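What follows is one structure encoded as structure tokens, with my remarks underneath.
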Amino acid sequence: MSTQLAAYTTSTGEAFQFWVLGTVAVIGALCTVFMKKAVHSALCLAGTMIILAIFYLANGAYFLGIVQIVVYTGAIMMLFLFVVMLVGVTAADSLKETIKGQRWLALVCGVGFGVLLFAGIGNASLKEFDGTGQANANGNVEGLASLIFTKYVFAFEITGALLITAAVGAMVLTHRERTERARTQRELAEQRVREGKHVPPLPAPGVYARHNAVDIAGLLPDGTPSELTVNKTLRERGQIRDVSAEALGDLRALEQRSEERLERTEIEPTTFKRPEEASK
Amino acid sequence: MENLIALLIAAPLLGAAVLLVGGRRLDAVGQWIGTLLSAASFVFGLILFADLLGKNAEHRTLTQHLWTWISVGSFQADVTFRLDQLSMTFVLLITGVGSLIHLYSVGYMEHDERRRRFFGYLNLFLAAMLLLVLADNYLLLYVGWEGVGLASYLLIGFWQHKPSAATAAKKAFLVNRVGDMGLSIAIMLMFTTFGSFAFGPVFSHAGDASEGKLTAIGLMLLLAACGKSAQVPLQSWLGDAMEGPTPVSALIHAATMVTAGVYLIVRSAAIFNLAPDAQLAVTVVGAVTLLFGAIVGCAKDDIKKALAGSTMSQIGYMILAAGLGPIGYVFAIMHLVTHGFFKAGLFLGAGSVMHGMNDEVDMRRYGGLRKYMPVTFITFGLGYLAIIGFPFLSGFFSKDAIIEAAFAKGGTQGWILGGAALLGAAITAFYMTRVMLMTFFGEKRWQPDENGNEPHPHESPKVMTIPMVLLAFGSVFAGGLFSIGDRFLNWLEPVTGHSEGHSPISAATVTGATMVCLVIGVGIAWAQYGRKPVPAVAPRGSLLTRAARRDLLQDDFNHVVLVRGGEHLTRSLVYVDHTLVDGVVNGTAAGFGGLSGRLRRVQNGFARSYAVSMFGGAALLVAATLLMRAV
Amino acid sequence: MNPVNYLYLAALLFTIGATGVLIRRNAIVVFMCIELMLNACNLAFVVFSRMHGNLDGQIIAFFTMVVAAAEVVVGLAIIVSLFRTRHSASVDDASLMKL
């Protein structure tokens, strides 16, 4: 009775696990889609994948469960995070749609496709579940190995070739051949002198010691920030913090405090206006 | 002896090639080369004639096979010549009259710079005409038929610097195309009916074909004959063809080429004999044309156009006779030959008069010329007497025979056709007497030409008068030579066959009636143009006269019916093309343009849009799979 | 609980991933959504394996993972080189047939 039942249903523990972790997995998937920042999406996806690994284990695919964690969550998702860092970790996407009707079409197609899949699964009479007990009798890894190296050996070899090709391809795509000799320090210095601008080294960021960080632009004598002072990568990502206005505000506050200390009459409000946020 | 047949054609063809290709260095002797080769052809003709006369009547058909021209499956066309009594008659007429006219042209074209070319064209014409009459199948005949059309075109438009000549040449060519179409359709019909278009198989199998098909072939042949022989309704080109030099009018548009239609019908006798409806059509065309041409001839003041009307009328007689069947074939050819003599003589006489009168053609500016050009007067007068049928001259015998044959057709048709022929004889007498009186009698009405040169009429040189004299001999004696002892009848009968009809009235009565008609016609003409002075400016005249001056409105008819009709047809076709055809095409194009303009927006370049369509497609596939499972 | 529910979950995840591919413009996120779809398929394969009581489904899932790894490697390389030339990782920016 119980063995027959096992074919139809699962244990209560597994059901509980499914409903709890399944909900989390769906939430994780939704977050992957709807998070503004790519790094958040990646983390949510990693969570979903770990849950999927647990589901693999629950379904008797022990080897795959471990591989899922090690390869997918461990390697592939880390690769994702790596690229996200490279491309712009904090650059947030606008979720505003730019193609007319794209969102509606996507939703209609998605919902329609989902409904169809559900209908298909519901229609299929999937009552008989043999369970993997017999197949895993000699151990899951051994079972897989005997299949991979006998029945699927050609596919296995070909996927190996595919992986090699992909690795070479990735190298070709990202590698840039240096077409000219790298210029020496001396040549660069001579070029700077010849061009006549920025003869000295570029100014350092974070002047006015309060804000000493690489992402803060140094201020020029007239109080405007100088883009030259920050790293080029940060400039391109738009990750420069502008503190020029803060400095003026601080100056005004300082003047006001000294007025109060010296008990002078209130002077006219300064013509200094707090400038609008410059870059954002 | 058969091998001489090809030489008949080769001689003038060689002349044409030499003269047309030879260039200016032959300018001095070109006319003599042309004349010599034409005469050589005549000599070959005489030799062959003598040979034929030496044989029995049954063996007088010579054939010469040169080479197989086209051989595609059952479509077999040979270059084979056939010389029988009918062809022989034509050969002698063409080369004989042709040689005389070549000789005449030597004098007539003496001052023309391009006369070498003229003689080249004349020789080309001779070669084509000989090919036409010697061909042993219809396709080869068609080549000759087109060849004479080409030569006619070139010679009518010989003075191409005159717009009227160029237009006339074009007109002749276009009208002839209509007839040529008839001949080509007839040849196609023959091929589908008999599987051949050689004379032998076609004539021997004519009895096997249905009468409907024979009638169709006959009508198409009649159309061809109408075009080439200027019969109603394709008659309009002949009057304008007089724009060509006068020797051309004499040779091509009087004596030979225009009679090709008669030859075609007589040659196709085997077909027409079995198609009475087609024969009736032939007689009707002949009768209508003989009156039409005669009426036109009465009203023309241009001497050549008056003679052209006469030519049309006389060929009408021949066509009428040819349509009568075996009763008339021989007489049609006999009239053809005698007409070749006297009409060529008349044209040469007219040319001689023009030659002496600064190329004036208006008879109202002639008058009293008999004293100034006696030879021309006498030869022209003999031709005149021959054509009106003066007793015992050529025309008397041949025309009388045709009128008798027309009555002999019997029944109402016989009376009508015979009556028309008699009436035509009277009108012929009238208009020819008119020409004669206006040209050679009365007082002088000469006027200076546009350059102010007073005409000084003088007799033409010997080289021109000798051919005229020889043709006058032919005009006088040919008829008698042919008729007395039925020589011509016996000569031609093996080819064309002959039967005596049952005339409701006796031959003597017909002759008498013809004489009466002749006297009436001459009398009226004398009353109008002999007794009273001829006005130098044409009077307004009656309605019929005015219509006849305009060729009985033939051009107006063609213009209204064909030109206007064609214009309306093309205009409506253009309208249909613009609205319907273009509408469909442009509408389709515009529809696809609009559709693609809308479809283009789908191709926005965004990968995500394409992904949506892919995903939608995948959803549809899933739906289709489920549906198939459900079903 | 019937194990079929795993299949429903896989279908749901797949649909979410597909919709994400259509909605997001950041190429990296699009790639993640594709990974999500692949994982949903893998889950289905594993469940089928359980259903039929043999290991072929797991083998297919294994191969899917290998192919996905290869795909990620190449895809991310493409994204990186794209970013280098355009300074953008938006898939909509590459809407013309030229740079």
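Glycine is no exception: its Cβ is also placed from the backbone N, Cα and C atoms.
Feature annotation from TrEMBL assigns transmembrane segment to B:32-54, B:89-106, B:118-135, B:141-160, B:181-202, B:246-266, B:278-299, B:372-394, B:414-442, B:463-485, B:505-527, B:610-628. As annotated by TrEMBL, domain 'NADH-Ubiquinone oxidoreductase (complex I) chain 5 N-terminal' applies to B:69-119. For B:135-418, the entry in TrEMBL reads domain 'NADH:quinone oxidoreductase/Mrp antiporter transmembrane'.
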For the transmembrane segment (B:463-485): best-contacting stretch of B:32-54, B:89-106, B:505-527, B:610-628, by Cβ pairs under 8 Å: B:89-106
For the domain 'NADH-Ubiquinone oxidoreductase (complex I) chain 5 N-terminal' (B:69-119), residues assigned helix / strand / coil by DSSP: 29 helix, 13 strand, 9 coil
Residues of the parent chain within Cβ reach of the transmembrane segment (B:32-54), under 8 Å, 6 or more residues beyond its termini: 1, 4-5, 7-9, 11-12, 14-15, 18-19, 26, 60, 62, 83, 85, 88, 91-92, 95-96, 98-99, 102-103, 105-106, 119-120, 122-123, 126, 130
Mean predicted confidence [pLDDT] for the domain 'NADH-Ubiquinone oxidoreductase (complex I) chain 5 N-terminal' (B:69-119): 91
